Amino acid sequence: MINIGVIGAGAMGSGIAQVAAEAGYGVLIFDVDPNASEKALGKLQKNWQKAVDKEKINPEEMQKRVALVRVASDLADLKDFDLVIEAVAENQEVKKSVFSRLDEVCTEKTIFASNTSSLSITEIGSFTNRPDKVAGMHFFNPVPVMKLIEIIKGLATSEETIDALKVVAAKMKKVGVVANDTPGFIVNRLLVPLCNEAIKMLEAGVASLEDIDTAMKLGANWPMGPFELSDLVGLDVHIGATAGLERELNDSHYACARLARQMYRANRLGRKTGKGFYDYNK
Ligand SMILES: NC(=O)c1ccc[n+]([C@@H]2O[C@H](COP(=O)([O-])OP(=O)(O)OC[C@H]3O[C@@H](n4cnc5c(N)ncnc54)[C@H](O)[C@@H]3O)[C@@H](O)[C@H]2O)c1
């Protein structure tokens, strides 16, 4: 595998493009918004310049990386690519339009991966005529820092596709874990209910939020407590994630804590609105 297309140049797409170039792949970025692609290129150069300034890489290595990344003006530019990783908005209709067009323009060999956090990989595969070559590649934010990639196997995904993505993950110096196409995959299936349970414990008066956070940091070695994490992720995302688990697993045990819905109504979403469980305006 020598080249990777990245669709969507936002928070995740730009990070994926960065680690792909650092692994030595030729990278083509496509975004419906050309400004987003240019912004992503600028961000990559800035990150690599910082690495040069800190003497982590030499200027030649930076130039090599910069030369590997280009911007595509049309999805058809990805025709002969080995792998295309999609990181557009978390909306199945948008993903459907991207994958059906990719399926038309790409040669048979191209593998498609989606960075979706919650949508069905099996369904994404059904938007194409190559469901065996469609899988999930779930990166974590910020991509250059986080070591994990969840590789998601849809109902029709072949072992060859999973094996090829494991190789890509390793070349990106990440650790790939494989999960079947199930709600929340591995990390969010565990983390979302844990944070939800912490909110329910607060509602029930078990302990203060500060003490629950401290307990998980010092007792379970979490780098941040469940309330700090919920504020970072955002209560809007938490509500969507619990609703997805409840619906797909058909189990009311996953239902969102009432307090989280109340906070959403008050626009206390966490860091993004300045106030969540903690106040960030102080
Ligand atoms: N942000 C996270 O923490 C995170 C973590 C893991 C996975 N994800 C998933 O990654 C994906 C992208 O998330 P993000 O946070 O980078 O979003 P973002 O909003 O930062 O970026 C999305 C980009 O996609 C572009 N786009 C929209 N429709 C497009 C189309 N039809 N063709 C090409 N480009 C299009 C937008 O212009 C935008 O630049 C989502 O599926 C999300 O669930 C996000």
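Glycine too: its Cβ is placed from the backbone N, Cα and C atoms.
Residues or ranges marked as NAD(+) binding site in TrEMBL: G8, A9, G10, A11, M12, G13, D31, E90, K95, S117, N141, K272. Annotation source TrEMBL lists domain '3-hydroxyacyl-CoA dehydrogenase NAD binding' at 3-182. Annotation comment: TrEMBL describes 184-280 as domain '3-hydroxyacyl-CoA dehydrogenase C-terminal'. Feature annotation from TrEMBL assigns site 'Important for catalytic activity' to H138.
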CB within-chain contacts under 8 A for D31 (NAD(+) binding site), separation at least 6: I7, G8, A9, G10, G13, S37, A40
Chain-internal residues near K95 (NAD(+) binding site), provided their CB is under 8 angstroms and they sit 6+ positions away: E86, V88, S114, T116, L119, I124, F127
Distance, M12 (NAD(+) binding site) to H138 (site 'Important for catalytic activity') (CA atoms, angstrom): 10
CB contacts for G10 (NAD(+) binding site) [other CB atoms within 10 A, all chains]: 15
Cβ neighbour count (within 10 Å, all chains shown) around M12 (NAD(+) binding site): 22
Same chain, 6+ residues apart, C-beta under 8 Å of the C-beta of N141 (NAD(+) binding site), given in sequence order: A11, M12, G15
Helix, strand and coil totals (DSSP H, G, I; E, B; other) for the domain '3-hydroxyacyl-CoA dehydrogenase C-terminal' (184-280): 65 helix, 3 strand, 29 coil
Candidates G8, H138: member of the recorded positions with the richest Cβ shell (10 Å): G8
Assigned conformation of G8 (NAD(+) binding site) - DSSP reduced to three states: coil
Integer average pLDDT (0 to 100) for the domain '3-hydroxyacyl-CoA dehydrogenase NAD binding' (3-182): 97
D31 (NAD(+) binding site) - helix vs strand vs coil (DSSP): coil
